[in-house]
Amino acid sequence: MKWNGWGYSDSRFLFNKKGQAEFTGKRYRLSGLILPSLKDWFEGTFGANLQHRSPATPSLNLSAVAPPNLNQPFVEDLKAAGLAVSHDPEDRVFRAHGHCLHEVFALREGRIGRVPDMVVWPSCHSDVEKIVELACKHNVCLIPYGGGTSVSSALECPREETRSIVSLDTSQMLNERGYCTGHEPDSMEFSSLGGWVATRASGMKKNIYGNIEDLVVHIKMVTPRGVIEKSCLGPRMSTGPDIHHFILGSEGTLGVVTEVTLKIRPIPEYQKYGSVVFPNFQQGVACLREVARQRCAPASIRLMDNEQFQFGEFCFSLILLNFFLLKNFCFKGFDPQHLCVATLLFEGDRGKVLQHEKQVYDIAAKFGGLAAGEDNGQRGYMLTFVIAYLRDLGMDYYVIGESFETSVPWDRVLDLCRNVKERIVRECKERGVQCPPLSTSRVTQTYDAGACVYFYFAFNYRGLSDPVHVYEQVEHAAREEILANGGSLSHHHGVGKLRKEWMKESVSGVGLGMLKSVKEYVDPQNIFGNRNLL
């Protein structure tokens, strides 16, 4: 794994000596491929120049890592209990951050902030109970660590914390059983089951399998006050507020999720990808709303706006406009500067999939949609797993970017998308960004009452003295615009430390007081002192 970027060390985008883009490694469908148009798109979109490099620090400078502040009695008790521990600098740095822009940017420049003083690896529920018991005994701060894919500053060590900080790494508690849960977040290669629960996660196949809260049957969590769990694995209980909902989305502030019972299904008999091109984003959104209304959404249906369509077309040949399709598009009056594309994934019983596919394409046709092929749908789906690698490439050439998400009622989707993108462009200009930023949106999940909308934005930061600060100001403004347009604070990324200033507005003052009271009761010593949410 990379210590200062996304994903595997052998997998990355780069421009070779001929100026052609390629994706290295052997892990993905794109691996080993030459991407001939990425350079033109990259330079044209951001005003970037391959001669202007901003390379990352090649290796971790161990002398930049502060010595650990160890609580020696705690360490001795851990060792006596047979638990694996480390205060190696690399182990500590790797678990000191998630993947917010400011975290990765600092690492690329070799700037190491506060990191955990040590790492401990439990292998089972009883190990976690022992660790929490000892942390209470010795007044040590614990920060649970799953896969490290957080984009909410949730893993950052609070600067004001004076106690020894211990990263409780749950990676050795994972077991592969070969079952299908259908939960596929974009980060599924690296994120953990406990992390999905703690952040109230969602996945690309939500339409069939549900979000994480729909999949969970039973949770066990270790807190300083003791273990929280329901009395049985019954499918439903009418016993007051659902205790699971205090755990889901708690983001490591109350305890450590150690065991989760999930619904499982047989691996689908049949899978089929697809794609639809629409004349414009408005008609695409209207189609997705009708699909949701008829409750016939496939496992995954995602609508990209025109900017993302052009990115996919120019960079990865996502939509191959063969002669037949091109004639149809022209006949229908499609404008390449406005059209958008939806990617589809159907799965289940073969007969039902084919029937389902026809129903969705029939609805799409009523909104001017034209089928654009199975291969393009598969490319679009698989692109999700490599898109994060592009940010590392951008930072090599003075381009920074990020994604954020929200959920919004159907009648506000279009206004929200338009207003947020316009706000990003305006804020960048006011803060001295010289080239117009890339500002795009896509609808990624559908519900009866609304949809999840994902935004990407990026800009060339040459000439800016503090690009991360500018980025944070722009993102802050975009989040304000989302809330002003009726969007949620987050759909699935969570709150962490990055968005907690809006918690009172999101859940009300009384609601926030309830959460604080739960925290004070469950963790009176603030052993889980990551300061997320509150």
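Cβ coordinates are placed from backbone N, Cα and C, and glycine is handled just like the others.
The Cβ of Tyr454 (active site, proton donor/acceptor) has 22 other Cβ atoms within 10 Å, all protein chains considered. Summarising the annotation, TrEMBL assigns active site, proton donor/acceptor to Tyr454.
Within the same chain, residues at least 6 positions away in sequence whose Cβ sits under 8 Å from that of Ala201 (FAD binding site) are His183, Pro185, Ser191, Gly195, Asn211, Ile212, His492. Residues annotated as FAD binding site in TrEMBL: 144-150, 199-202, 251-257.
Cβ neighbour count for Arg391 (substrate binding site) (all protein chains, 10 Å cutoff from its Cβ): 22. Under the heading substrate binding site, TrEMBL lists Arg391.
What TrEMBL lists as domain 'FAD-binding PCMH-type' is 63-267.
According to TrEMBL, the site 'Important for enzyme activity' annotation covers Arg302. Of all the Cβ atoms in the protein chains shown, 24 others lie within 10 Å of the Cβ of Arg302 (site 'Important for enzyme activity').
Among the recorded positions listed here, namely Arg302, Arg391, Tyr454, Tyr454 has its C-alpha nearest to that of Gly252 (FAD binding site). Here the Cα atom of Ser150 (FAD binding site) is found 16 Å from that of Tyr454 (active site, proton donor/acceptor).
Note: the CA-CA distance between Pro144 (FAD binding site) and Arg302 (site 'Important for enzyme activity') rounds to 32 Å. A Cα-Cα distance of 30 Å separates Gly255 (FAD binding site) from Tyr454 (active site, proton donor/acceptor). Here the Cα atom of Tyr454 (active site, proton donor/acceptor) is found 16 Å from that of Arg391 (substrate binding site).
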